[in-house]
Amino acid sequence: MFFIGRDWETSQDRAKYREILAENLLQRAQDLKLGRRFTFQKDNDPKHTAKEWNDHAYPADELMPLTCRGRVRGLEPSRGDVDDALGMFSLTLIDTLDTLVLLNKTAEFEAAVRRVLKDVRLDNDVVVSVFETNIRVLGGLLGGHSMAVMLKDAGHYMQWYQDELLHMAKDLGLRLLPAFNTSSGLPYPRVNLKHGVRGPESRTGTETDTCTACAGTIILEFAALSRFTGDPVFEVHARRALNFLWEKRQRNSNLVGTTINIHSGEWVRRDSGVGAGIDSYYEYLLKAYILLGDDLFLQRFNIHYASIMKYISQPPLLLDVHIHKPLLPARTWMDSLLAFFPGLQVLKGDIRPAIETHEMLYQVTKKHNFLPEAFTTDFRVHWAQHPLRPEFAESTYFLYKATKDPYYLEVGRTVLDNLNRFARVPCGFAAMKDVRTGSHEDRMDSFFLAEMFKYLFLLFAEEEELPFNVEDYIFTTEAHLLPLSLSLSTAPRSCLFSPTLAVDKSCPRPAVSAVAAEDGMRFMQEMMELSSQQQKEQLPPRAVQIISHPFFGRVVLTAGPAQFGTDLSKSITGVRGFVTVAEPYSGCVELSNAAFVQGRIALLQRGQCMFAEKARHIMKAGAIGGIVIDDNEGSSSDTAPLFQMAGDGRNTDDVTLPLLFLFYKEGNILLEALKEYREVEVLLSDKARDRGEIHWTEQEGATDWMKKCSEHGSLPLVNCNTALFLSGNDRCGCLC
């Protein structure tokens, strides 16, 4: 295994970080409880006395950690759509209920449930986000109910509990249902908790658009509510919304857009990715299959996933494309919400790309301390905020669970240390306003306690120390715990949180083979070396120009440079030679066909070892250059950013030949040419050369080909249909 920093040799290390997490969580809960509690009367009449205000006080929705007070909507300057998560229903308290149980704080959980039942009202005259209220509040109530039932059945705590949280959840579900009253079945993005939608008092219902994730991230909570209560209406509406989104997918690409018209079903934004606006739609298709046992959800997820890996995935990057023209990139930067995707790939059982993308995200994290809200393909800041999002910690937890590689404990330690160093303030943890300057924002979203603490705690926790078996539950997108017993299917579902969810409905295979582990190690090394060289000048693209028959220099393939070896920008003529496929193709051991590689340009496949190691092996065989071809099927320079090959962290001055990188599409052009024409000559250079600049004399051409024919024991063919015409001169080919 490959490690960064120190090994996690003892359980004391993990216990230390569990204790820190538990202590921090309780302190943050206390901060919220003791923070200034704004009071108000439900009709906002300012003539009521302070005592009456106190009589109608509600705990704050969120903590403002810089000013040490609660955030109450309407009493603080509006933050726009962000405030739609606040409904004056003690958001953070509800969102954190099942986290308390996970941390073995059962007495605190019992007290928190009593506080919710006593203080929280759901009939407030306030407009809230359907999406946020569903995943945070409804999900929080259902997760709390699940924990309460589990504890009651264990016979120690919650013996008084009579499904009160479930009754509140149903009340809230009924308040969300009016949002689904559309011709398409897609919900309005907002609803008034007291008045519903479209009424004169509701102050909502005029919207026409919603995001795909907003409409497609309902099924887990609504189906759980239906199955807990026996009322099918909630699951019916959630399924209808999902069915509509599926029908509106782009049929050629099988991708969905980011924003859709809830009435007509027309795509408003046609860019497609796995980040903001779409993310949890894909997550809920797979998890709906896990929780509910309906094969239809799995079939749809698999179709979408194949398209994601074909068009959006450019390992290690995940770049948005246009749904109608999926080979065209929609943007050159990524948003931090896509950090959940490696975790989803672990559930899918696709470990290698999960490792690759996660490692890329880790390098961005190490460069900026946190994941910026958006960042470019060369790890630079695009949007500088970081609201303490948990998605990277989530994927770290799932990858550790899949691989048991202590490397991911080290990643988790980095996340936790950065939180304590840069985000911790006297009254909590403050969101980063700018990761470049370290400035804070007076904000601590409820998901920080609901998700970030939960995943980090699970990462360091020993399984025997947990109060229940997490494999009996599914995590919602807000990390709330819903029991697998809700499934109506009789199929065994005990393999839920095994390293690789077997989406073919059989229990998982071992998570990582020896080859996959080596690939993961190699990729991590590549990414760390590339990250360490980020401050270096970015090299421009290079060219692989096919100059033999029948191309004659007309085919130029865009190539990525290496940050070691011969600098082609300093070569007037470039490096010219015939290509030969190395054996083995990986080039990771001494070549078995060294005699054929000598004096030629070797073709190699990416993977299994570092680029510099490949270069050294072909140099030993006598090659004059090398071309590494990407092993990610479908990758192309048309849609992916320039890729620069990094060294191996050691001195690479011994590498004295040029090494270029071709994506799969461009590499396949070269391989097909070699397959058809046997002898393919290329020019490696800093830029494509005009065909008039490529000169041969007749004698040079004839001598060269006569020599090569002789070497192959073949006869030269002159004046044949396959004769080569370069710069007006005839050259012969060989009959091999």
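Note that Cβ sites are derived from N, Cα and C of the backbone, with glycine treated the same way.
Neighbour list (E132 (active site, proton donor), Cβ cut-off 8 Å, at least 6 residues apart, same chain): D84, A85. The active site, proton donor annotation in TrEMBL covers E132 (among others).
Taken from TrEMBL, the feature active site applies to D279 (among others).
Positions annotated as active site, proton donor by TrEMBL: E373 (among others).
Long-range Cβ proximity for E391 (active site), meaning a same-chain Cβ under 8 A and a gap of 6 or more residues, is found for S336, L337, L338, A339, F340, G343. The active site annotation in TrEMBL covers E391 (among others).
Shown in sequence order, I135, T217, L220, S280, E283, Y284, F340 are the residues of the chain, 6+ apart in sequence, with a C-beta less than 8 angstroms from the C-beta of T477 (Ca(2+) binding site). The Ca(2+) binding site annotation in TrEMBL covers T477.
The domain 'PA' annotation in TrEMBL covers 579-670.
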| In sequence order, which residues at least six apart in the same chain have a CB under 8 Å from the CB of D279 (active site)? | A213, L337, L338, F340, F341
| Taking the domain 'PA' (579-670) alone, what is its mean pLDDT? | 89
| note | The correct DSSP tally for the domain 'PA' (579-670) reads 21 helix, 18 strand, 53 coil
| said: Can you give me the same-chain residues 6 or more apart in sequence from E373 (active site, proton donor) with a CB-CB distance under 8 Å? | reply: D335, S336, H382, W383, A384, Q385, H386, P387
